[in-house]
Amino acid sequence: MIRLTEKLRQLARSDEQRVARNRLLSLMQSVVGIGTYFLVMRYVLAVAGLGGVGLWSLTMGFVAFIRVMDLTGAGGLARMVALNPDNERLRSEYVDTVTAFIVALYAVLSMIAYLPLRYAMAGSVAPGTEIIAHALLVWAMISLPLNVAGMAQLSAIDGLGRADIRSMLNIAGFVLYGLLAAILVSSQGILGLAYAQIAQYALLLVASRVVLTRRLPSLRLVPSRFSRKAAGQALHYGFRLQASSIPMSLFDPLTRVVLGRWIGLEALGIYDLSYKLAGNVRTLLQAGMNPFLPEFARLWSTDKAAARAHHAMVSARAIRTVAIAYTVLILATPAFSLFFLSQVSAEFFFSVAVLSLGWGVASVGLATQLFARAAGALRWSIAGQWLLLMLGAALVYLATRSYEFIYVAIAVAIAIATGHMVAFAGETRMLTLTPFGTGKQAITSLAALAGFVAIAALAAGAVVMMGNW
């Protein structure tokens with residue numbers, strides 16, 4: 001009995017160590033990815049200017065529309081692999097089937113979408129840039145099957161319980177991308193980014209496939225099996241997964257395309273940098289929060305009162321962290337402006353402040369969103385995402401009529417905050433949660449949030465009052 005107890009304790013410690021390792025590497029992956037992106041964009045700014053950043057953002061926006069039709073369930077491959085821990089043959093079948101299906105699907109979708117996207121892109125860029133825009137579009141579409149096939153392999157590695165390996169592979173991919181971009185952009189211009197991206201995706205696909213062949217011995221480097229049953233299950237799960245992700249998959253590229261077409265590539269360049277700064281703070285926060293998901297799920301299935309109490313503690317702490325992180329970002333914006341643009345740009349400062357306000361308010365519900373997923377309650381999240389798309393599309397359309405990109409930033413911030421807050425309110429009520437905590441905990445959470453909102457509003461208002469556009 002004593003030996004059994006000691007063994008259980010050792011297993012618990014090993015599980016805690018594994019979760020801590022996965023959490024640390026996941027955070028490192030986000031930091032390296034974000035840092036690489038901004039360093040590369042700074043180099044692109046030096047070589048091709050804001051117009052180059054805008055053209056790259058526009059290309060990624062157009063290509064992203066193809067992803068809306070992805071019903072393969074590649075992102076859910078982790079779940080399919082994890083649900084069959086004792087059936088190595090079935091796991092291998094899932095991986096091969098989804099990989100083959102996803103490559104074939106994206107090849108067909110790319111061929112169908114090529115001419116419409118080429119026509120739309122030609123009408124969205126200034127005369128004289130059509131040739132480079134067309135070349136970027138072609139290379140970006142070629143990279144799509146590589147990207148999604150690699151993502152499927154990485155998802156399968158997650159399903160094997162080795163998120164640490166997935167993170168290390170992604171970090172290696174980011175480093176390769178950064179190094180190649182630094183070399184190729186100087187000689188090839190903005191096309192160098194496309195070449196570097198293809199190399200990154202190819203590395204991830206090959207390396208992750210090699211890892212899987214070691215973990216699943218029946219797998220070969222090239223997919224060699226196809227199961228209609230596995231394909232049907234992947235499609236069924238993929239359809240449900242896509243229903244909740246379509247709104248954001250449409251809204252972000254739609255905003256980029258409209259902004260680039262009606263206001264200009266330089267404005268799109270500033271917007272892209274601002275949006276990535278504000279959005280990536282949430283990415284970092286979410287990377288630190290994700291390991292709580294299995295904890296929430298375990299508690300919810302055994303003791304709902306304890307689960308709610310744990311959520312209250314985690315959520316209150318997360319809200320304070322959100323407020324501090326976005327306040328620091330706003331205060332550091334002049335330094336970021338000097339880094340990217342070599343000057344303190346009023347448009348950049350205003351855009352970061354407004355988008356930080358939108359993403360900061362949206363991030364108040366991070367812990368609650370995770371808790372709802374753990375409890376299997378997704379309907380408010382889906383409703384909030386669709387509201388974001390419909391409200392955002394209408395506001396962005398109206399904003400572009402003014403031909404001032406700052407109104408687009410305001411429209412995007414309003415849509416993001418509204419959609420996420422509706423989901424937050426619905427999930428809080430449905431699951432009977434206290435996301436701000438209780439007593440002093442609630443007071444400090446609300447005070448931190450109010451302070452952040454005030455600083456964001458004052459920062460944006462100060463730029464408007466100066467009128468230095």
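Every residue gets a Cβ built from N, Cα and C, even glycine.
What TrEMBL lists as transmembrane segment is 31-56 (among others). Sequence-distant contacts of the transmembrane segment (31-56) (same chain, six or more residues past either end, CB-CB distance under 8 Å): 125, 129, 132-133, 136, 170-171, 174-175, 177-178, 181-182, 185-186, 189-190, 193, 260, 264-270, 272-273, 276, 280, 283-284, 339-341.
According to TrEMBL, the feature transmembrane segment maps to 62-82 (among others).
Per TrEMBL, transmembrane segment is recorded for 94-116 (among others).
Per TrEMBL, the feature transmembrane segment maps to 136-157 (among others).
The transmembrane segment feature in TrEMBL is assigned to 169-187 (among others). If you look at the transmembrane segment (169-187), the same-chain residues 6 or more away from its ends with a CB under 8 A from one of its CBs are 25, 28-29, 32-33, 36, 39-40, 43-44, 47-48, 154, 157, 193, 195-197, 199-201, 203-204, 207-208, 211.
Marked as transmembrane segment by TrEMBL: 193-212 (among others).
Only residues 6 or more beyond the boundaries of the transmembrane segment (323-342), in the same chain, are considered here, and those with a CB under 8 A from a CB of the stretch are 38, 41-42, 45, 50, 273, 277-278, 281, 284-285, 348-349, 352-353, 356-357, 359-360, 363, 448-449, 451-452, 455-456, 459. The transmembrane segment annotation in TrEMBL covers 323-342 (among others).
Per TrEMBL, transmembrane segment is recorded for 348-368 (among others).
What TrEMBL lists as transmembrane segment is 380-399 (among others).
For the transmembrane segment (405-425), the list of distant contacts is 247, 251, 255, 258-259, 263, 267-268, 270-271, 274-275, 347, 350-351, 354-355, 357-359, 361-365, 368-369, 380-381, 383-385, 387-389, 391-392, 395-396, 398-399, 435, 469: same-chain residues at least six beyond its ends, Cβ to Cβ under 8 Å. For 405-425 (among others), the entry in TrEMBL reads transmembrane segment.
According to TrEMBL, the transmembrane segment annotation covers 446-466 (among others).
Most Cβ pairs under 8 A with the transmembrane segment (193-212) among the ranges 136-157, 348-368, 446-466 are made by 136-157.
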